[in-house]
Amino acid sequence: QPANAKANIQQQLSELEKNSGGRLGVALIDTADNSQILYRGDERFPMCSTSKVMAVSALLKQSETDKNLLAKRMEIKQSDLVNYNPIAEKHLDTGMTLAEFSAATIQYSDNTAMNKILEHLGGPAKVTEFARTIGDKTFRLDRTEPTLNTAIPGDKRDTTSPQAMAISLQNLTLGKALAEPQRAQLVEWMKGNTTGGASIRAGLPTTWVVGDKTGSGDYGTTNDIAVIWPANHAPLVLVTYFTQPQQNAEARKDVLAAAAKIVTAGL
């Protein structure tokens, strides 16, 4: 995009942020030319449930060399259930496979499913280790669900930057970070997400195909990371992170939708 269009986008994002009363982070990668639009692109934001993509990707990476891994069944105890378990709570008798935990984690943001994946991997630090192996030096996962969502301003735990997450998401969903079957599986799970309708998707034309993962936490933290297939354009990768100064602030999915609309308006 020409310089004046880019400046205009920055100005619109700045306006949006000012009117929202929070802190907004945006990173768009246009894979047509790998150009980036960044707004607070290198600042740290709490990831909340957007971190689930990296956890599931770490599992998918393991499954490249262990073809039975995703069929492995793990039990679910009553004591495993946390604050949000829409799928896991229905399977206390049978348990679930790692594939089922992965789908529940990405498509329903089931927190018990995420914790089961973390348990299998050996803890949050293993997800950080995986991020390093795909070239992401910024991502850090420190805690399990639901404490990873405390989103305390200035706390570096469970944070990344919009730019780092966008690059990793591009590598995982469109690049070579995962082998082809695993990459395709991640994309399929993200395209089937049920939680993103009011976030990035709401700011895009309805004909565009989207795969995304939302996140939310304290301080009105409202997040979405997406791979986008526009009607007549190369894929886009978009990260929108938003957090607020008051611990009990309301979620603002509308801010994410507005940011998505601003950065894709010229396409």
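Just so you know, glycine gets a Cβ as well, placed from its N, Cα and C.
As recorded in Swiss-Prot, the features of this protein are as follows:
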| type | residues | note |
| --- | --- | --- |
| ACT_SITE | Ser49 | active site, acyl-ester intermediate |
| BINDING | Lys213, Thr214, Gly215 | substrate binding site |
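The number of other Cβ atoms within 10 Å of the Cβ belonging to Gly215 (substrate binding site), over all protein chains shown, comes to 25. Close to the recorded substrate site, the chain also has Cys48, Ser49, Thr50, Lys52, Val53, Ser109, Thr195, Gly196, Ser199, Asp212, Ser216, Asn223, Asp224, Ile225: residues not among Lys213, Thr214, Gly215 whose Cβ is within 8 Å of the site's Cβ mean position. According to DSSP, Gly215 (substrate binding site) is assigned to a strand segment. The local packing around Lys213 (substrate binding site), expressed as other Cβ atoms within 10 Å of its Cβ over all shown chains, amounts to 29. A helical conformation is recorded for Ser49 (active site, acyl-ester intermediate) in the three-state DSSP classification.
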